[in-house]
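Asker: First the structure, then my questions, so here it is.
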Amino acid sequence: MASPRSSGQPGPPPPPPPPPARLLLLLLLPLLLPLAPGAWGWARGAPRPPPSSPPLSIMGLMPLTKEVAKGSIGRGVLPAVELAIEQIRNESLLRPYFLDLRLYDTECDNAKGLKAFYDAIKYGPNHLMVFGGVCPSVTSIIAESLQGWNLVQLSFAATTPVLADKKKYPYFFRTVPSDNAVNPAILKLLKHYQWKRVGTLTQDVQRFSEVRNDLTGVLYGEDIEISDTESFSNDPCTSVKKLKGNDVRIILGQFDQNMAAKVFCCAYEENMYGSKYQWIIPGWYEPSWWEQVHTEANSSRCLRKNLLAAMEGYIGVDFEPLSSKQIKTISGKTPQQYEREYNNKRSGVGPSKFHGYAYDGIWVIAKTLQRAMETLHASSRHQRIQDFNYTDHTLGRIILNAMNETNFFGVTGQVVFRNGERMGTIKFTQFQDSREVKVGEYNAVADTLEIINDTIRFQGSEPPKDKTIILEQLRKISLPLYSILSALTILGMIMASAFLFFNIKNRNQKLIKMSSPYMNNLIILGGMLSYASIFLFGLDGSFVSEKTFETLCTVRTWILTVGYTTAFGAMFAKTWRVHAIFKNVKMKKKIIKDQKLLVIVGGMLLIDLCILICWQAVDPLRRTVEKYSMEPDPAGRDISIRPLLEHCENTHMTIWLGIVYAYKGLLMLFGCFLAWETRNVSIPALNDSKYIGMSVYNVGIMCIIGAAVSFLTRDQPNVQFCIVALVIIFCSTITLCLVFVPKLITLRTNPDAATQNRRFQFTQNQKKEDSKTSTSVTSVNQASTSRLEGLQSENHRLRMKITELDKDLEEVTMQLQDTPEKTTYIKQNHYQELNDILNLGNFTESTDGGKAILKNHLDQNPQLQWNTTEPSRTCKDPIEDINSPEHIQRRLSLQLPILHHAYLPSIGGVDASCVSPCVSPTASPRHRHVPPSFRVMVSGL
């Protein structure tokens, strides 16, 4: 029921459509021709104008049927359209013309939409403009062909961003903001709360992907970081988990309301809600949309209360359906007055949130046509606007330019176009207590954001942070811990000083002298240096400056290294001396002076100094700061703590530590080996050999434990310092106590213990040597126990033979005295045994004077070897008279006591210092049964 043309004559045939739409129209042409026109005629409820008023026809394309979901949009905006047409006619804005809106149902179907458009072109009047376009697919197809028909289209509900392409849709305008129009508003909101790090979560749908892509460009130009971009098709949980893994706190979501329920259920499972997170999602969902989808959410094991808990506080962004300003619009009414009239007008028809944009759209068309008529009137062409046809490029361009000049205040706010896009108002709503509350709005024209006072509500005391706030915190040594360990260290140093005083004061006591007091002093010195290093290890950035800390890196390394080498080297040297004497296979008297031990310790220190000097010269230690993984704030604040730890390191730290550990490790292993070899030495003259061995074990074990644990706890300075300090304290304290406490107890309970041992007597010459040399000990290794037992058994056997020979010699002497004329017959086997006894002097290599005299005498008189003497032989010349019984008796009476006296000391008999060779052996205090322990000769220290 289209109104007749103003000219009353058929117009020229329409021009062919542009190439993109021509093919589709040709395909549908056989179907379109038999059908009747689909115009709905006048807008329902609008009064007919007087017959004398020429109409200005407008093509209305929108879904109207109830069978289509979006048909409610078309039906919902018609009351607003009727109100606008009435008000325009009443104001005589287009006099003498009137608006003739002819409605065509597109049914949100591409084919039916094209058919409606073709019917309007073929059967209807010449339409000046196209009003409508709701469904994106239908709208985009028609809008692409408008330039060929010189028609300008104005949509009130098509928000798809693809229509913003002016190269493809140059004649398309819309009063409703595009979906992309929310991006500048989001940018403004991010800046308002100083959120500079966000993440995006997008449903794999073209509409949302386009918004996301545009948002990325907007944020990129404003230096806002998009730390993570996630998309999903059906299951958003994986994407939500990735966002959490990347520490995304501000999430910009683009998804429909059905997926929104799944997203928030996943957010609840991942604990991505509450005071630490802020979700920003589309605000165009249906009212109470969560009530409609919670059943589906429950099917995914997400209860309604869980969904609401995760949704609490989200911010929705959408265009403002009506302006909230109390300002009169172009119609002379405020938005609130219009809304009341609209509600009265719709009379049972469901409302549409686009009704305000449809209302302003009619006013845009009226104002555009008014400006176009003014332009035609001012031109010299004398053309009337009702003379428009689809081939009139000039009038089409005039209408297009008039659309771009639109600028007025409507019920939806300021109406102005920029490249065909509405610069409208964007509102922000927040989900609070199961309802959406408006909290602010963004004016695109003025580029201003207005937050309504006290309406926006965050779940924390402040807006969420855009990322985890990282508080770099230097891990320091605890002051109480440092104080306690320092106090223990001071006590240890006082104890070491007391031991040093004790050692110096009693250095002339034989008990102390036999334990090498000079080496003991070195042990004390090394212990005190080790104690001193504890103070330096506890000084970090909380006590000293960075430059001082770097200096301490070198100083404490040197002090600990030198202290360790001094103490352990002295113990090592003393253990080596015991081992060297104890392993003396030749049974020689062995003298190892303290000077030689000092050389050993000095050599170890020299090696240390060479390593340390090269280390310092080539690759010195520097202060480095190591960053560790973030830790939650113990106070529960929305921050994470990144521990920083100071280290003393250099470029080739591993190599230098390897050299030092290899050298010290080999030395320690060798020391432990020597201590193990001499573990059974228990000789009073070596009064601290066993304790020195125990000290070596102590140092070795504690150092290994300390080095291993210090590496494992390098990220915990308090634990590391505590372990290192305790290892040094225990190691030094136990060592000093093992070395000095037994001596202290012995001197206190038995001051003469060193001189009362009857198993060790010193000669006069050895006593003189005590002031110059150290103890020389002859001993046997435990590994040679069988050999020792054999020698002891042989010693006992020979002593028994001596006793038997004594008796035989006494009998011979008595016989010689009774028969001086006769030659006494001595049994050859007795001579042989006695001769063997004489030869034992060579085995012992003793320096006794009596044995040397006897040996020389026998060498000069080989005839005295009794095993070769024949008793029946008689003297035939003066030379042979020396073997006469008188000579034999005289020699035996003088030489046998000397022989007896000289031999006994070598097997545990009389003291070698006995001045009278004629004294009976039984008179000597040493002429007694030898206990089953090996006897040694000891020279004084």
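The backbone N, Cα and C atoms fix where each Cβ goes, and this holds for glycine too.
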Asker: Can THR678 and GLU794 be said to be on one side of the membrane, going by the domain names in Swiss-Prot?
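Answerer: In Swiss-Prot, THR678 shares its side of the membrane with GLU794.
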Asker: Out of ASN389, ASN842, which residue gets the N-linked glycosylation site annotation in Swiss-Prot?
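Answerer: The N-linked glycosylation site feature in Swiss-Prot corresponds to ASN389.
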Asker: Could you tell me which of CYS265, CYS266 is bonded to CYS237 by a disulfide, according to Swiss-Prot?
Answerer: CYS266
Asker: Given the candidates ASN298, ASN687, specify the residue that Swiss-Prot annotates with N-linked glycosylation site.
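Answerer: My reading of Swiss-Prot gives ASN298.
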Asker: With respect to Swiss-Prot, which of the residues ASN90, ASN680 bears the note N-linked glycosylation site?
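Answerer: Swiss-Prot annotates N-linked glycosylation site at ASN90; the rest carry no such entry.
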Asker: Which of the glycosylation sites ASN90, ASN389, ASN404 has its Cα nearest to the Cα of ASN453 (N-linked glycosylation site)?
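Answerer: Of all the candidates listed, ASN404 is nearest in space.
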Asker: Using a 10 Å cut-off on CB atoms, tell me which of the glycosylation sites ASN90, ASN389 is the least crowded.
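Answerer: So among ASN90, ASN389, the glycosylation sites given, the one with the fewest Cβ atoms within 10 Å is ASN90.
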Asker: Of ASN404, ASN453, the glycosylation sites given in the record, which has the fewest other CB atoms within 10 A of its CB?
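Answerer: With the glycosylation sites ASN404, ASN453, fewest surrounding Cβ atoms within 10 Å: ASN453.
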Asker: Six or more residues beyond either end and a Cβ under 8 Å away: which residues meet both conditions relative to the topological domain 'Extracellular' (619-654)?
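Answerer: Sequence-remote neighbours of the topological domain 'Extracellular' (619-654) are 275-276, 460, 464-465, 468-475, 540-541, 546, 549-550, 552-554, 557, 714-715, 717.
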Asker: Determine, to the nearest whole angstrom, how far the Cα atom of ASN389 (N-linked glycosylation site) is from the Cα atom of ASN404 (N-linked glycosylation site).
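Answerer: Roughly 21 Å, rounded to the nearest whole number.
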Asker: Which residue counts does DSSP yield for the topological domain 'Extracellular' (544-551) in the helix, strand and coil classes, in that order?
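Answerer: Looking at the topological domain 'Extracellular' (544-551) with DSSP, the answer is 6 helix, 0 strand, 2 coil.
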Asker: May I ask for the distance between ASN90 (N-linked glycosylation site) and ASN404 (N-linked glycosylation site), taken between their Cα atoms and rounded to an integer number of Å?
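Answerer: Rounded to the nearest whole number, the Cα-Cα distance is 25 Å.
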Asker: According to DSSP, does ASN389 (N-linked glycosylation site) sit in a helix, a strand, or coil?
Answerer: coil
Asker: Below 8 angstroms Cβ to Cβ, which residues of this chain, lying six or more residues outside the topological domain 'Extracellular' (544-551), approach it?
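Answerer: Distal contacts: 621-623, 646, 648.
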Asker: With DSSP, how much of the topological domain 'Cytoplasmic' (505-522) is helix, how much strand and how much coil, in residues?
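Answerer: Output for the topological domain 'Cytoplasmic' (505-522) reads 11 helix, 0 strand, 7 coil.
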Asker: Is the topological domain 'Extracellular' (713-720) packed against any residues at least 6 beyond its ends, judged by a Cβ distance under 8 Å, and which are they?
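Answerer: Residues 475-478, 481, 540, 626, 628, 643, 645, 647 contact the topological domain 'Extracellular' (713-720) from elsewhere in the chain.
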